[in-house]
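Student: The structure is given below, and queries will be raised subsequently.
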């Protein structure tokens, strides 16, 4: 299981400060929509210059098929090692993205976004008129058939997804509160033990790391517990 540290801070200087504190550790860094819109593709290079970190560019691309393919081709060429697209864009869109990226010499990992971990059952049903777990498994099957590398889901869907697709189909699970920290705006959260027992391939941890007094210490503690 790999740790992905979410850099959802107020400015690039703060993000880079945390990245420097994590230098030498076996972690991925997650750059979200706010940071990318604010700091641009040069920020990816700045992070890689700190320690050649692997970068998950979390933009959750969602549009018509050709626009998604165009966008993913662009962001695949700026140094991102993993990107994500919304499964709810549909089979045609996901096929279009993978067909386009297959032409690149070195494409990033591509994950589907299933149900955001800010959803609970009631709020998800209001939008999709369906149950979370059934929908996520359905999204995962279609994503797997389209050739994506994995899916973003909650810890609680990870095993069901692997059973429905393949043990090699990656699950990246946000909403991780390693040692019982506050849920904040997340609904479907889990601790490290639950993530490990559900065979998450990547866990995403943000605020418990970057809001701590010693980000490196808490990161080392997490790595110790998952390796």
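Glycine too: its Cβ is placed from the backbone N, Cα and C atoms.
Dumping what Swiss-Prot says about this protein:
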{"type": "ACT_SITE", "residues": "60", "note": "active site, proton donor"}
{"type": "BINDING", "residues": "8, 30, 58-67, 117, 177, 186, 206-207", "note": "substrate binding site"}
Student: Within 10 Å of the Cβ of residue 8 (substrate binding site), how many other Cβ atoms are there?
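Tutor: Taking all protein chains shown, residue 8 (substrate binding site) has 17 Cβ neighbours within 10 Å.
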Student: Ten-angstrom check, please: count other Cβ atoms within 10 Å of the Cβ of residue 60 (active site, proton donor), all chains counted.
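Tutor: Counting Cβ neighbours of residue 60 (active site, proton donor) within 10 Å gives 15.
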Student: Helix, strand or coil by DSSP: which one applies to residue 206 (substrate binding site)?
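Tutor: Looking at the DSSP assignment, residue 206 (substrate binding site) belongs to neither helix nor strand, so coil.
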Student: Could you check the binding-site residues 65, 206 and say which one's CB has the most other CB atoms within 10 Å?
Tutor: 206
Student: Residues with Cβ closer than 8 Å to the Cβ of residue 59 (substrate binding site), same chain and 6+ apart in sequence?
Tutor: 32, 33, 36, 71, 75, 83, 84
Student: With a 10 Å radius around each C-beta, find which of these binding-site residues (62, 117) has the fewest other C-beta atoms nearby.
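Tutor: Least crowded of the binding-site residues 62, 117, by Cβ count within 10 Å, is 62.
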